[in-house]
């Protein structure tokens, strides 16, 4: 039915927690939700982003490949002497998970243009799937520039950006962070659906569910 790709302005901006929020939101609306992490680096089998999403939401996800070192996937694969990912194979696997009343939530690695393999990025995956993007950004000093660059890079590739989610929002934001929240929609031209509090990954399923209700995620996208 629908596939959406969650990417970020950088690594460690809160993509996994935001992906969990998106999964929780559509699951509560009655959709069958399938979280997908095409590639995980730096985590042993049984741990990683898919497992974090499962812990927060109870929804079991898919991870297609793992490379040992916490690097860009192409570099981690190279250094381990492992075969790199294949774009067509990844796209076909994701398409196979789609179906009636299904929302497939694909979480990228790092930022929009991080190399999943030498020959492609998560932007290329989204383009092949004709899937829109959700961009996760922090709100600290410098985030306006990073968010605008990410949105611009996506749009120049013909990708639709549905919305922004702020990740790892501190309990007591400083002046720059507070102002950036107010300015984010203006500089990017993309709606900010809300921000996820710092430490949300440690919440119980019940508390995380309440947090998701405070976000302004859309019922469904056109």
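Each Cβ is built from the backbone N, Cα and C atoms, and glycine gets one as well.
Swiss-Prot lists 12-17, 49, 107-110, 167-168, 197-199 with the feature ATP binding site, giving sequence analysis as the kind of evidence. Cβ contacts within 10 Å of residue 49 (ATP binding site), excluding its own Cβ and spanning all protein chains shown: 20.
Here Swiss-Prot flags 16, 49, 107 as Mg(2+) binding site.
There are 26 other Cβ atoms within 10 Å of the Cβ belonging to residue 37 (active site). In the three-state DSSP reading, residue 37 (active site) counts as strand. Look at Swiss-Prot and you will find 37 tagged as active site, backed by sequence analysis.
Taken from Swiss-Prot, the feature substrate binding site covers 41, and the record attributes it to sequence analysis. Contacts of residue 41 (substrate binding site) defined by a Cβ separation under 8 A and a same-chain sequence distance of 6+ are given as 66, 67, 68, 69, 70, 71, 72, 73, 76, 109, in order along the sequence.
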Rounded distance in angstrom between the Cα atoms of residue 198 (ATP binding site) and residue 107 (Mg(2+) binding site): 19
Sorted by sequence, non-16, 49, 107 residues with Cβ within 8 Å of centre, Mg(2+): 6, 15, 19, 20, 35, 37, 48, 50, 52, 53
Spatial separation of residue 37 (active site) from residue 108 (ATP binding site) - C-alpha basis, Å: 7
Fewest other C-beta atoms within 10 angstroms, as judged across 12, 198, which are the binding-site residues: 12
Residue 49 (ATP binding site) - helix vs strand vs coil (DSSP): helix
Neighbouring C-beta atoms (10 Å sphere around the C-beta of residue 16 (ATP binding site)): 24
